[in-house]
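Enquirer: Structure incoming, see below.
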């Protein structure tokens, strides 16, 4: 009666006999953690994430580049006197979207080669197509060369998604993973802002040459950061994994990270098991490694399908929230709405607001959580689009589109500040949660065994959706008019809000193992969106169980000495 077995971190421990040993181990762990300051533990993770963020800076520049090229080659804004290339509306729609349809190819390839190459090598190699693409744009002598360069940039953007997403998810502690993952959005929006600004003060060819310096600097920076411990463990390189973890936790001694390292090894061994060994509870798996075909079949299991559907639908509603489809045509849309600010500088302002919004996301995500950020941002973006459409329906002539020439907008410039504020709200709140949160989730929700391939396929499908959204914008606006297509985006945003509210769980402050266990529970309903914190919750259960056992033992005992000593 005096002994109770309870579970902590997945192991069965004898509560009565090992209580003092647990306290001793805890005391030693606390002493080891005090070996370095909190700042020193976090600093190397920040440095590694910053090196990775150079890739995302380049990604943002590549995605934003058509926004400054299209108005220049259509003769709307900033056309150089010696420029000999020209876009028709159809050619402009292809240039603005062709990169997106190439990105899925890069995403799938990255998911396949990420495991044998590793996260670090993959992040170095991905810069090569971008260096070539930027220089091709600078020296482009025909539209075919520009399309080819856009394809190279698209392949590079797609290829970098899986290594970026998996790298930051595997190097960070749970307490700061959300913040450092959300830094990705800051880097992307900084790329947007830099391209918009450069496109306003110089030509698009000069901008392309400046952008080429970023991937070169990225290759150098990534050479100085370590590979992820989880990937090294999966390749049976335990010594290298331990050294990597020591670097990432503040250049500490092996003892200081021993407990975390043992947890990683246990998680790695569990992730390496095949489905058969997992069901039978075998301690080790003697089956041969999974083939690519087996990995694809593994993706159909509920533990993979549920997070895939969750993130994919979030991506779909994010794409249809308005800004993604309109981005390549922002200059002409601002002109059509008659905003009181120069259209180029209004576009620069949206980039700056997006950058500020991502900083807000990075700072607040630890305290607010991903779920609240997503709900708030989805609500405001939907209302902004609906308000813009109502304004346009009441102000514009029937059939008004941004692709028509609008020599005079004097009849609406007196009210132009209203759509300008609404567009700025749309840009800000899109970047606070609608765009960054699904990418943050992508680094967390998939099991380690299939994380690389699942991230690659999900990113690929996201870019297919981006291509469809961007390529069809011209057709949608031609068919429904400018206010009609924006109203469509607003309605889709409201539907997305309902999806986020009912089905999106909160992953903030949960370990990757907590999240994997949540999605592996086949009995859990789709609307059950609470993810238990395994270590904390099980330790609390253990403490409650011990206290209850002691209370039962003390029933009928009035010995003051016993009671006092037992306290």
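In case you wondered, yes, glycine gets a Cβ from its N, Cα and C as well.
This is the feature table in TrEMBL:
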- 1-17: compositional bias 'Polar residues' (COMPBIAS)
- 1-31: region 'Disordered' (REGION)
- 19-31: compositional bias 'Basic and acidic residues' (COMPBIAS)
- 46-508: domain 'Major facilitator superfamily (MFS) profile' (DOMAIN)
- 54-73: transmembrane segment (TRANSMEM)
- 93-114: transmembrane segment (TRANSMEM)
- 123-140: transmembrane segment (TRANSMEM)
- 146-167: transmembrane segment (TRANSMEM)
- 179-198: transmembrane segment (TRANSMEM)
- 204-225: transmembrane segment (TRANSMEM)
- 305-323: transmembrane segment (TRANSMEM)
- 343-361: transmembrane segment (TRANSMEM)
- 373-394: transmembrane segment (TRANSMEM)
- 414-441: transmembrane segment (TRANSMEM)
- 453-474: transmembrane segment (TRANSMEM)
- 486-504: transmembrane segment (TRANSMEM)
Enquirer: Under 8 Å for C-beta pairs, could you tell me which stretch among 54-73, 179-198, 305-323, 343-361, 414-441 has the largest tally with the transmembrane segment (373-394)?
Expert: 414-441
Enquirer: Residues of the same chain, at least six outside the transmembrane segment (179-198), with any C-beta under 8 angstroms of its C-beta?
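Expert: Long-range Cβ neighbours of the transmembrane segment (179-198): 45-46, 49-50, 52-54, 56-65, 67-68, 164, 168-169, 172, 206-207, 210-211, 344, 347-348, 350-352, 354-355, 357-359, 361-363, 365-366, 431, 435-436, 439-440, 443-444.
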Enquirer: Quick one: average pLDDT across the domain 'Major facilitator superfamily (MFS) profile' (46-508), no decimals.
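Expert: That stretch averages a pLDDT of 86.
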